[in-house]
Amino acid sequence: MSQPSISKSMTIGESGLAVVFAATAFLCVIAAAKALDAPFAFHAALSAAASVAAVFCIVNRYFERPAALPPAEINGRPNYNMGPIKFSSFMAMFWGIAGFLVGLIIASQLAWPALNFDLPWISFGRLRPLHTSAVIFAFGGNVLIATSFYVVQKSCRVRLAGDLAPWFVVVGYNFFILVAGTGYLLGVTQSKEYAEPEWYADLWLTIVWVVYLLVFLATIIKRKEPHIFVANWFYLAFIVTIAVLHLGNNPALPVSAFGSKSYVAWGGIQDAMFQWWYGHNAVGFFLTAGFLAIMYYFIPKRAERPIYSYRLSIIHFWALIFLYIWAGPHHLHYTALPDWTQTLGMTFSIMLWMPSWGGMINGLMTLSGAWDKLRTDPVLRMLVVSVAFYGMSTFEGPMMSIKVVNSLSHYTDWTIGHVHSGALGWVGFVSFGALYCLVPWAWNRKGLYSLKLVNWHFWVATLGIVLYISAMWVSGILQGLMWRAYTSLGFLEYSFIETVEAMHPFYIIRAAGGGLFLIGALIMAYNLWMTVRVGEAEVQMPVALQPAE
């Protein structure tokens, strides 16, 4: 049966988008000419070039349009849209390696400050937000977008909603990362942790994120599967809540429409409260809810076992939604924040122990009857160890929110160790495991190029994590104890520089651990590249039709 022919004319969507990008390019050229500072001029010129490239791609798409529409099904299966997933998977590995490398550089700068080289562009103050944004938002964000687009298609048994919209999301999101990252190197920042991009980058992200939400929702609405799979609940919670947090924390008043500088709309303790309501829930919904969606899809899929308890996943979801959003004030213990607010944040943080560990138990117990696979499947082992790190981090976090513990841990390297046990152990490993699954699926390969390389990656990265977090735990507790030590006369027993000197060996160990983690990521990148290049294609068998009842 022949496929329906396509009219050799641009669609309304293509025409409209081409006009919008052409107008954007024109406005960006004007903005670059009238810019009040060099970074804004650079970003305006970069945006103009990107807009022109977008127009070219849309026009080229028109000229290279095939004679017929792509089939709705291939061998009885929906013809899924894998292009945006492949793009985001590639960008995840690119930004991941870049972010890990920058992390190694700044860890080395803390151990050997001369490595700053007195150059502003590579100083610790500019590279640190570049590292956090590259790892959290560039690496983690691309993993979440790629996996969410894959999971929502497969679990709903329909092609991703929209034609250009998914591509707009993945390319637009990575352009935001490029603007934000180059801005940090040029000294453009709002000085709000995890929310450093200036006003124009925030506006662009808002547009991209709204389209992301619409694509995801539209795919769910047109689903052929009556049930909405649990992973999609967590993805939707992540997308919606991050939108609310972004809009709440980032209102800013630009000094000029042609300058990069702006002032945050909030002030004083209100700004601090908004910032850590955002900052903590960026952890809660970007780095937790989104990656729990990965856990709930990829572990059962890899283990070939159903989720241990669907009822527990429902409890886990709703408890996480209602409790996490209130826990932000524990970042502001012993500050000008009202004491009742600090106590409220501490209370909700402690309550988070229960749903977090419920989710961990659900993930681990999914392997019931398949524990032997941990010996033979390093990808599944990586996914399961990530859940163990999730449990450890979600125990340590509530414990550190208790005021008496926080009085020792706050502002010390213990917090850095806690963050990285979650970031490297939980987010890193579950992302690696997901990409090891996703790349062969998206590129239609029978399997990975080498499971031995996955095994090497697992052990090298695990050793790196253990070195990193152990060094930070010891240095953080030592730091806190030295800061609070007094002589019999009531004077500080140690000067500040003495506490810094005591940290030096631990900073060297941290850099070594980060280096091992980077080596593991490079092994992974090679393995995935070879999987795509030389991996054996998987033959898709037709789906047998179910007999009518």
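Using N, Cα and C of the backbone, Cβ positions are placed for all residues, glycine too.
Long-range contacts of the transmembrane segment (12-32) within the same chain, counting only residues at least 6 positions beyond its ends with a Cβ under 8 Å from a Cβ of the stretch, are 40-41, 44-45, 47-48, 51-52, 54-55, 58-59, 61-62, 163-164, 168, 257-258. According to Swiss-Prot, the transmembrane segment annotation covers 12-32 (among others), on the basis of sequence analysis.
According to Swiss-Prot, the transmembrane segment annotation covers 39-59 (among others). For the transmembrane segment (39-59), the residues of the chain that approach it from at least six positions outside its boundaries are 10, 14, 17-18, 21-22, 24-25, 28-29, 31-32, 164, 171, 175, 178-179, 182-183, 186-188, 200-201, 258-260, judged by C-beta separation under 8 angstroms.
Among the features that Swiss-Prot reports, transmembrane segment is placed at 87-107 (among others). Tertiary proximity for the transmembrane segment (87-107) is limited to same-chain residues at least six positions away from its ends with a CB under 8 Å from its CB atoms, namely 115, 122, 124, 127-128, 130-131, 133-135, 138-139, 142-143, 145-146, 149, 167, 170-171, 174, 177, 431, 435, 438-439, 442, 507, 510-511, 514-515, 517-518, 521-522, 524-525, 528.
For HIS131, HIS420, the entry in Swiss-Prot reads heme b 1; low-spin binding site, with the evidence type similarity to another entry. According to DSSP, HIS131 (heme b 1; low-spin binding site) sits within a helical segment. For HIS131 (heme b 1; low-spin binding site), the same-chain residues 6+ apart in sequence whose C-beta sits under 8 angstroms from its C-beta are GLY99, VAL102, GLY103, ILE106.
Annotation comment: Swiss-Prot describes 132-152 (among others) as transmembrane segment.
Panel annotation: around the transmembrane segment (168-188), residues 17, 38-40, 42-43, 46-47, 50, 54, 84, 87-88, 91, 95, 120-122, 126-127, 129-130, 133-134, 137-138, 141-142, 145-146, 196-198, 200-201, 204-205, 207-208, 211-212, 215, 260 of the same chain, lying at least six beyond its termini, place a Cβ under 8 Å from a Cβ of the stretch. The annotation transmembrane segment is assigned in Swiss-Prot to 168-188 (among others) on the grounds of sequence analysis.
Summarising the annotation, Swiss-Prot assigns transmembrane segment to 228-248 (among others) and lists sequence analysis as the type of evidence. Remote same-chain partners of the transmembrane segment (228-248), defined as residues 6 or more beyond its termini with a Cβ less than 8 Å from a stretch Cβ, comprise 144, 148, 151-152, 155-156, 202, 205-206, 209-210, 212-213, 216-217, 220, 274, 277-278, 281-282, 284-286, 289-290, 292-294, 296-297, 307, 310, 313-314, 317, 320-321, 325.
Residues or ranges marked as transmembrane segment by Swiss-Prot: 279-299 (among others).
Summarising the environment of HIS331 (Cu cation binding site), the number of other Cβ atoms within 10 Å of its Cβ, over all protein chains shown, is 24. If you look up Swiss-Prot, you'll see HIS280, HIS330, HIS331 marked as Cu cation binding site.
Residues or ranges marked as transmembrane segment by Swiss-Prot: 312-332 (among others). Long-range contacts of the transmembrane segment (312-332) within its own chain (CB-CB distance under 8 A, at least 6 residues past either end) are made by residues 230, 233-234, 237, 241, 272-273, 276-281, 284-285, 288-289, 292, 296, 341-342, 344-346, 348-349, 351-352, 354-356, 358-359, 361-362, 400-401, 406.
Using a Cβ-Cβ cut-off under 8 Å and counting only residues 6 or more beyond its ends in the same chain, the transmembrane segment (344-364) has close neighbours at 292, 295-296, 299, 307-309, 312-313, 315-316, 319-320, 323-324, 326-333, 384, 387-388, 390-391, 394-395, 397-398, 401-403. Taken from Swiss-Prot, the feature transmembrane segment applies to 344-364 (among others), supported by sequence analysis.
Per Swiss-Prot, transmembrane segment is recorded for 382-402 (among others), and the stated evidence type is sequence analysis. Residues 295, 298-299, 302, 327, 330, 333, 345-346, 349-350, 352-353, 356-357, 359-360, 363-364, 367, 374, 409, 414-415, 418, 421-422, 424-430, 432-434, 436, 454, 457-458, 462, 465 of the same chain lie 6 or more positions beyond the ends of the transmembrane segment (382-402) yet place their CB under 8 Å from a CB of it.
Feature annotation from Swiss-Prot assigns heme b 2; high-spin binding site to HIS418. In three-state terms derived from DSSP, HIS418 (heme b 2; high-spin binding site) belongs to a helical segment.
Marked as transmembrane segment by Swiss-Prot on the basis of sequence analysis: 423-443 (among others). Listed as Cβ neighbours of the transmembrane segment (423-443) (distance under 8 Å, sequence separation of 6 or more from its ends, same chain) are residues 82, 85-86, 89, 92-93, 96, 135-136, 139-140, 143, 146-147, 150, 287, 291, 294-295, 298, 301-302, 379-380, 382-383, 385-390, 392-393, 454, 457, 461, 464-465, 468-469, 517, 521, 524, 527-528, 531-532, 535, 538.
If you look up Swiss-Prot, you'll see 458-478 (among others) marked as transmembrane segment, on the strength of sequence analysis.
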Near-site residues: Cu cation, ref HIS280, HIS330, HIS331, CB cutoff 8 A to centroid: TRP276, GLY279, ALA327, GLY328, PRO329, LEU332, GLY345, SER349, SER401
Cα separation, HIS420 (heme b 1; low-spin binding site) to HIS330 (Cu cation binding site) (Å, whole number): 18
